[in-house]
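> From TrEMBL, here are the annotated features:
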- 1-26: signal peptide (SIGNAL)
- 8-130: domain 'Cadherin' (DOMAIN)
- 131-239: domain 'Cadherin' (DOMAIN)
- 240-344: domain 'Cadherin' (DOMAIN)
- 353-449: domain 'Cadherin' (DOMAIN)
- 450-559: domain 'Cadherin' (DOMAIN)
- 574-670: domain 'Cadherin' (DOMAIN)
- 685-707: transmembrane segment (TRANSMEM)
Amino acid sequence: MEHKGFSDSLWIFVSLAVLMPHTTNGDVSYSIPEEMEHGSVLGNIAKDLGIDSGTLSARKARIDAAGNKRYCEINLKTGELTVNERIDREELCSEKPLCTLKFELVLERPLALHRFTLQIQDINDNSPSFPKDVVRLEIRESADKGARFRVNEAHDTDIGQNAVQSYSLQRNEYFTVSVSSHASGRKNVELVLDKELDREKQEEVTVILTASDGGSPPRSGTVAIHVTVLDANDNAPVFNQDIYEATLAENAPVDTVVLTVTATDADEGPNGQVTYEFSRLSNKARRAFSLDSFTGEIKVIGPIDFEEDSKFEILVEGKDGFGLSSDTKVVINIADMNDNSPVIYLKSLNNPIPENAPPGTEVGIINIQDVDSDKNGQVRCHIEDNAPFQLIQSITNYYSLVTTAELDREVLSDYNITVIATDEGSPSLSASKVLQFSVADVNDNSPVFERQSYSAYVNENNKPGSSIGLVAARDPDWRQNGTVLYSLLPGEINGFPVSSLVSVNGDTGVIHAVRSFDYEQFKSFKIHVMARDNGSPPLNSNVTVHVLLSDVNDNLPQILYPTPDGNTFMTEMVPKAIQANSLVSKVIAVDADSGQNAWLSYHIVKSTDPGLFIIGVHNGEIRTQRDISESDVMKQTLVVSVRDNGLPPLSATCTVNLLISDNLAEVPELKDMTSSDGSSKLTTYLIIALVSVSTFFLTFIIITIAVKVCQRRKPTMLFDGALAIPSAYLPPNYADVDGTGTLRSTYNYDAYLTTGSRTSDFKFARSYNDGTLPADMTLKKSLSIDHDSLIDSIDLAQVG
Ligand SMILES: *[C@@H]1O[C@H](CO)[C@@H](O)[C@H](O)[C@H]1NC(C)=O
Ligand SMILES: *[C@@H]1O[C@H](CO)[C@@H](O)[C@H](O)[C@H]1NC(C)=O
Ligand SMILES: *[C@@H]1O[C@H](CO)[C@@H](O)[C@H](O)[C@H]1NC(C)=O
């Protein structure tokens with residue numbers, strides 16, 4: 001198989017290749033004989049075009065031809081072109097010397113188009129044939145030697161050497177054959193009379209004329225020529241034109257007169273009567289035209305289609321009554337009408353298109369065909385819809401559909417594009433085709449949270465595992481590219497890993513508390529939740545969730561003073577002279593909760609004398625409500641409830657003991673109330689210290705006196721002054737030593753022990769005479785002052 005690439009259309013191809021260089025890479029032509037067997041290999045087109053034959057299948061290689069016959073196929077494994085249907089040159093091209101079939105090899109991914117042609121070579125598969133099997137000639141016996149008698153030539157549908165090349169006449173007594181070329185290129189075949197005829201000797205002569213073609217082996221056809229020898233001679237008809245030519249519009253209706261041929265015969269009578277008949281015409285012409293044998297009028301009898309045949313060449317024979325004839329050529333040119341709409345063929349469509357395809361991506365290849373010629377077949381093509389696509393013309397009648405912008409599946413996922421093709425005939429015809437394709441998803445959207453940030457409110461003491469909030473993110477991508485998974489970003493809160501506090505449901509975005517929270521430990525904290533899609537690679541975004549704990553009233557008010565536990569005992573002294581609205585004591589309490597839950601209020605729930613004391617609802621201050629009267633009970637007990645403002649409120653109670661007295665001595669029974677406990681140790685030590693000091697002092701005096709008595713032996717010197725010794729420190733009978741009577745045993749000191757935890761609760765009540773001390777001083781003495789007072793009182797006793 002020889003390659004005959006690069007025809008004169010090469011330059012057209014090259015100039016078009018600039019427009020679309022990647023779709024056409026070369027032009028390959030195969031020259032093949034007609035009538036090859038089905039499956040015969042014409043050549044390896046993949047190799048000739050430089051395409052890797054291994055990719056043919058993946059690239060959906062296929063062959064497209066203009067018509068609907070598939071003359072050849074491509075073997076997707078080997079890249080070979082094979083014959084698929086009978087290729088008959090005579091049917092395809094009849095007498096055209098060059099018979100070319102055009103094909104396109106279309107490949108996808110990337111789209112590519114390669115044109116190739118098959119040059120169909122003639123083989124000698126047709127024999128010459130004469131219009132008729134028998135030719136009848138009538139020749140007068142008077143005809144001279146050398147006279148010529150025309151015979152219709154033979155015809156061979158093959159061309160070139162395979163067409164008729166020579167004529168030969170069966171050897172006979174009277175005739176030879178002479179062939180000369182006509183001005184129009186036709187052959188003129190004539191019998192030449194070689195020996196004069198004698199009717200009396202032989203009335204009829206039959207010779208066989210053979211036409212041979214130049215094929216190898218040659219083929220031939222014959223005609224029998226019957227010559228009847230007549231008494232007289234006449235003239236053959238003569239056409240008044242050598243060639244008749246007419247132009248007929250295609251689709252001309254039946255009975256349209258195309259033209260009329262006229263031949264005249266010089267003879268008169270029947271000898272001059274000319275009849276007409278077709279001497280040679282194609283089968284197509286036979287179906288399209290009729291010839292009136294008397295008038296020579298050629299009329300339309302069938303459909304005339306320019307696209308099928310643009311020109312008819314017919315031979316018409318004119319014959320007189322004696323059979324003498326001549327012929328003429330009738331050429332009927334068919335004029336094109338715009339009777340064919342363009343046809344849009346979708347040669348390739350990349351569907352779906354990925355949404356990130358850059359602008360200019362080729363989406364499809366469209367071929368537009370209009371079988372009309374010239375303007376009627378020139379087609380313009382455009383896209384109707386306002387879509388981001390355009391058509392770019394590549395090779396003649398081929399358009400590539402390219403994107404003009406990046407597509408976004410999330411905005412529009414399907415496109416219906418209407419391609420409209422209009423020819424330039426007048427009136428013009430048009431066609432449209434809707435191309436449907438969809439946009440394939442690419443993971444180009446991160447999940448987006450519906451809010452900038454989230455807050456989750458949770459009450460403390462929540463149940464572990466309870467849900468405390470919800471985050472939601474949207475991802476408009478398709479399927480797994482838009483499937484959102486939630487997770488917690490790792491982190492630490494006050495040293496705790498976030499995951500030990502909360503968890504997030506990967507599918508639903510519900511946030512759960514992992515454990516019970518304590519508002520007193522965290523008031524709020526921040527976590528970060530990530531939303532990730534399932535694409536590859538995945539995209540993600542994150543959001544902050546503020547977890548805000550709210551306080552629950554879970555802490556009782558705690559009373560700091562007075563201590564509420566029953567083991568200790570505390571009494572406040574209230575002087576009898578106290579006036580109304582004086583502060584006598586204060587309940588101090590705190591609450592670990594916050595806000596309302598820690599807003600404390602104080603109430604007296606039980607009291608010895610309900611009218612006597614009131615408590616400040618908010619400050620816990622206990623005040624007298626009225627002046628104290630003599631009739632009031634000395635020992636007053638208040639039960640105070642401290643309540644917070646939570647829902648429900650929590651409360652604690654304490655007991656406040658009050659003693660209405662100016663003098664502790666008045667209430668000796670109170671001593672019974674004293675109970676020993678750890679906090680009174682200090683007091684005990686003080687007593688011990690005082691007793692020690694006093695004992696030491698007494699011992700010192702006694703020793704001093706004893707020494708003096710022993711030294712001076714002066715009995716009057718026991719006491720030279722009034723020496724008062726507190727009776728309490730003396731042996732019981734030691735009091736009135738000298739009978740001065742000045743020392744009364746009324747002095748005592750009274751360590752009146754209180755049991756409060758604070759040192760201020762310690763009170764040392766010193767002895768005093770009525771009216772010598774302001775009433776409220778009792779409550780205000782510090783320890784040191786009390787100690788001084790003790791010394792004072794000893795001095796006082798000495799003085800007294
Ligand atoms: C495209 O055409 C099809 C069928 O006619 C129709 O179902 C679809 O909705 C159309 N799409 C658009 C985007 O117009
Ligand atoms: C998701 O996106 C990727 C590219 O990012 C793409 O290859 C894949 O086909 C997409 N998946 C779906 C279901 O569309
Ligand atoms: C969370 O998102 C912010 C911005 O939105 C980004 O800067 C940061 O890197 C993200 N963090 C993680 C862990 O992905």
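Placed from the backbone N, Cα and C atoms, the Cβ positions cover glycine too.
Automatic, uncurated: that is what TrEMBL annotation is.
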> Are the domain 'Cadherin' (8-130) and the domain 'Cadherin' (450-559) close, by which I mean at least 3 Cβ pairs under 8 Å that are 6+ residues apart in sequence?
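Stretch pair does not touch.
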> Using DSSP, what is the helix/strand/coil residue split across the domain 'Cadherin' (450-559)?
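Secondary-structure composition of the domain 'Cadherin' (450-559): 7 helix, 52 strand, 51 coil.
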> By DSSP, what is the split of the domain 'Cadherin' (8-130) into helix, strand and coil residues?
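Each residue of the domain 'Cadherin' (8-130) counted once, the result is 23 helix, 41 strand, 59 coil.
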> Can you tell me the mean pLDDT for the domain 'Cadherin' (240-344)?
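Across the residues of the domain 'Cadherin' (240-344) the model's pLDDT averages 90 on the 0 to 100 scale.
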